[in-house]
Amino acid sequence: MLIIETLPMLRREVRRWRQDGKRVALVPTMGNLHDGHMTLVDEARERADIVIVSIFVNPMQFERADDLARYPRTLQEDCEKLNRRGVDLVFSPAPADIYPHGVDGQTFVDVPSLSTLLEGASRPGHFRGVSTIVSKLFNLVQPDLACFGEKDYQQLALIRKMVADMGYDIDIIGVPTVRAKDGLALSSRNGYLTAEERKIAPLLSKVMQQIAERLGQGERHVEEMMISAENTLAENGLRADGLAIVDADTLLPLNVDSQRAVILMAAWLGKARLIDNQQVDLTQ
């Protein structure tokens with residue numbers, strides 16, 4: 001497995017594989033890899049000849065400097081996991097290589113509406129950072145396909161829209177969320193939880209499942225369901241930071257024509273911001 005830090009070396013290797021007619025997959029990450037990331041890698045391996053994993057803690061995605069500073073960096077352990085998984089290349093650039101003029105001097109990519117809706121409203125600039133770095137990685141690697149987790153539902157929707165709008169010839173593969181046995185969605189930020197908080201955290205997915213069951217039974221009292229969910233979370237020490245039940249295709253409020261809903265949930269538990277989502281078929 002190659003570990004590359006510079007843009008010219010990355011381009012050289014990608015060019016070589018391209019000349020050999022290889023199909024290339026990209027898995028963008030910020031490192032601190034867990035089993036959810038490995039599922040993305042496995043999906044990429046099934047679909048391509050060459051798997052490239054990027055590890056870059058993107059400063060443009062962080063609103064607070066202290067959050068950026070404490071994000072776990074575990075490059076050596078990550079590379080060992082990826083090597084065992086049969087990854088061909090790890091691209092781990094320094095911020096100065098990605099943003100030579102600094103974040104403030106960087107040309108950015110913005111996806112209208114999806115960047116400021118829902119999760120974007122509570123995290124200004126976050127999705128601009130996502131779309132900018134993903135676009136840059138797409139330009140550098142020029143993959144045939146890229147794999148993203150469905151846990152970050154709005155991010156996946158935003159990337160798909162960006163790819164369509166910008167004319168990228170890249171297949172975007174959404175991979176189902178990987179969960180612990182108690183239902184908690186795997187996340188790098190779960191490491192921020194104390195032992196006691198970890199016992200409480202699965203409540204987020206349980207509340208989400210309760211909403212899904214009510215929607216599946218034909219209930220459409222969205223506001224009442226969200227208030228009830230927020231109260232249940234608060235009673236157990238979770239502070240809601242974005243609860244929504246919206247059309248799964250548009251991320252806009254449900255209407256009579258909506259065929260699928262998605263429940264989007266975000267909540268703080270101690271120092272960890274947990275997110276999760278679940279899609280619901282409304283046609284049955």
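Cβ from N, Cα, C; glycine included.
According to Swiss-Prot, the features are:
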{"type": "BINDING", "residues": "30-37, 149-152, VAL178, 186-189", "note": "ATP binding site"}
{"type": "ACT_SITE", "residues": "HIS37", "note": "active site, proton donor"}
{"type": "BINDING", "residues": "GLN61, GLN155", "note": "(R)-pantoate binding site"}
{"type": "BINDING", "residues": "GLN61", "note": "beta-alanine binding site"}
Lowest local Cβ density (other Cβ within 10 Å) among binding-site residues: GLN61, GLN155, SER188: SER188
Closest of HIS37, GLN61, GLN155 to VAL178 (ATP binding site), Cα positions, recorded positions only: HIS37
Rounded to the nearest Å - Cα separation of SER188 (ATP binding site) and HIS37 (active site, proton donor): 10
Among MET30, LEU33, VAL178, the most crowded of the binding-site residues [Cβ within 10 Å]: LEU33
Surrounding CB atoms that lie within 10 Å of the CB of GLU150 (ATP binding site), all protein chains: 17
Tertiary neighbours of GLY36 (ATP binding site) (same chain, Cβ under 8 Å, six or more apart): GLY149, LYS151, THR177, VAL178, ALA185, LEU186, SER187
Spatial neighbour of GLN61 ((R)-pantoate binding site) that is closest, considering only the recorded positions MET30, LEU33, HIS37, GLU150 and their CA atoms: MET30
Cβ neighbour count (within 10 Å, all chains shown) around HIS37 (active site, proton donor): 26
GLN155 ((R)-pantoate binding site) versus LEU33 (ATP binding site) - Cα distance in angstrom: 18
